[in-house]
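A.B. asks: Quick one: the structure is below, and I'll ask about it shortly.
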Amino acid sequence: MPLNWSVPKKAIMMIQITLLTMFTYMGSSIYTPGQDAIQEEFKIGHVAATLNLSVYVIGYGIGPIFFSPLSEFATLGRQNIYIITLFCFCMLQIGTATVDNLGGMVVIRFLSGIFCSPSLATGGATISDMISVENVSTLLVIWAAGSFASPVLAPLLGAAMLEAKGWRWIFWLLLWMCTAIFILMIFFFPETHHDNILVRRARRLRKETGDNRYYALAEKNESVMDFKSFISYAIKKPFKLIIREPIILAFDIYTALCYGIFYLFFEAFPIVFVGIYNFTPVELGLSFMGFQVGDVLSYAIYLLFEKKYIKPKFKNNTFVPEDLMVLAMFVSWTLPLSMFFFGWTAGIHWILPMVAEILFDINTFNIYQITFSYLALSYPRHVASVFAGNGLFRALFAAGFPLFGQTMYNNLGSEKYPIGWGSSILGFLSIGVSLIPFLIYKYGAHLRGKSNFSN
């Protein structure tokens, strides 16, 4: 029973799932420093080159729709899906590093996104398998912190490899990192899905005793489902949850906008830090470190909130999931502020756009933690599917924003304020979604009470 595992064993599992998420997540933005070199070698334009970022993001949005619900079936579990998809991901990096045309790279990048996806959605479910309810939100923060840190570390690593060896070595580096975690997980990553553990136990007893009467209840229930129904149920489930649950839809929209804006920074940063401040590729990679400072501050804010507000409510048995909205409401104003600040201070001093990164991260980091924790607590039997649907929403926004980003900034910008009005449009949209935590705080319990999926 994973809930009964020792603390060291749980810590080893946490390290593995966090590293897996970080390394595969890096695959999206680690490409960006080499984009100009790829454009030059393949003789393509900016939008065509940006497709390699967008299709990867679309891939890891689509992947969980298939893999995450499948991981909830007792006969499959989570371990097998992690190992098989990670092996495929590693092999695809060889193809990316050696491809010699745009079409091949786009296809490989899309497939890479699909096969990197299970950890991005199912990682939260794996943690929920091991951690008690009162501690799950705290541990989800550690996992999510890794997923936040990796896309902003990746451009720096990619720029270093570009400067040292060329753009192809960006993908060799990604291959080495993912191969290391693949080998580690083969030996030290047991199954965590409770029903799958019982299925394996039943199989072992049948083999040892020769008595076919041993079975797990979930295994028996799934045995009557044909393959077509099995796949249909797995794919439809995330969409069914989004359509029927307004809470899930609201959080999906909020986090998707944040995610889209985040990936739009990969278009805006070259305009600001290269176009205005003449940064080198490595310096451009370092410009993303404002997000890392924001991660540290955001993590501290969340832990303080957990200690001072959430833990006491658990102790006196008054906690409800809507209590998490208190922090979401507190930080909601920093998202629109970051967009206005980023847009209208670019050109004054390079440190000011980095301050905007910190403000952005204070909101987005904590909103993500609140979203993951709230949805995990409200829909515990459907965590992987809920996260899969959320991942698809986020991926669609993240894939689309970079494709129109440069055109938007060029058409709306001026010589003095190249990203001012483009960022302001996003700021106004951010004001609208910032109302969602206030609505959930007031009506969330009522909506959960009417749900067929909650608890």
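Every residue, even glycine, has its Cβ placed from backbone N, Cα and C.
Keep in mind that TrEMBL annotations are predicted by a computer and have not been checked by a curator.
Sharing the feature lines straight out of TrEMBL:
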- 13-450: domain 'Major facilitator superfamily (MFS) profile' (DOMAIN)
- 12-32: transmembrane segment (TRANSMEM)
- 44-68: transmembrane segment (TRANSMEM)
- 80-99: transmembrane segment (TRANSMEM)
- 105-127: transmembrane segment (TRANSMEM)
- 139-157: transmembrane segment (TRANSMEM)
- 169-190: transmembrane segment (TRANSMEM)
- 246-266: transmembrane segment (TRANSMEM)
- 286-305: transmembrane segment (TRANSMEM)
- 326-352: transmembrane segment (TRANSMEM)
- 358-379: transmembrane segment (TRANSMEM)
- 391-409: transmembrane segment (TRANSMEM)
- 421-441: transmembrane segment (TRANSMEM)
A.B. asks: Average the pLDDT scores across the domain 'Major facilitator superfamily (MFS) profile' (13-450) and report the rounded value.
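C.D. replies: Reported value for the domain 'Major facilitator superfamily (MFS) profile' (13-450) is a mean pLDDT of 87.
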A.B. asks: Report, as numbers and ranges, which residues of the same chain sit near the transmembrane segment (391-409): CB under 8 Å and 6 or more residues beyond its ends.
C.D. replies: 46-47, 50-51, 53-55, 57-62, 64-65, 68, 117, 120-121, 238, 242, 252-253, 255-257, 259-264, 266-268, 271, 418-419, 422, 425
A.B. asks: Where among 80-99, 246-266, 286-305, 358-379, 421-441 do we find the most Cβ pairs under 8 Å to the transmembrane segment (169-190)?
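C.D. replies: That would be 80-99.
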A.B. asks: Per the 3+ Cβ pairs under 8 Å rule, pairs at least 6 apart in sequence, do the transmembrane segment (286-305) and the transmembrane segment (358-379) touch?
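C.D. replies: Output yes: the transmembrane segment (286-305) sits against the transmembrane segment (358-379).
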A.B. asks: Other than its close neighbours in sequence, what residues sit by the transmembrane segment (44-68), given a CB gap under 8 Å and a spacing of at least six beyond its ends?
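C.D. replies: Here the qualifying positions are 24, 27-29, 31-32, 35-36, 38, 81, 85, 102, 105-106, 109-118, 120-122, 125, 234-235, 238-239, 263, 266-267, 384-385, 387-389, 391-396, 398-400, 402-403, 406.
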A.B. asks: Under 8 Å for C-beta pairs, could you tell me which stretch among 80-99, 105-127, 246-266, 326-352, 358-379 has the largest tally with the transmembrane segment (421-441)?
C.D. replies: 326-352
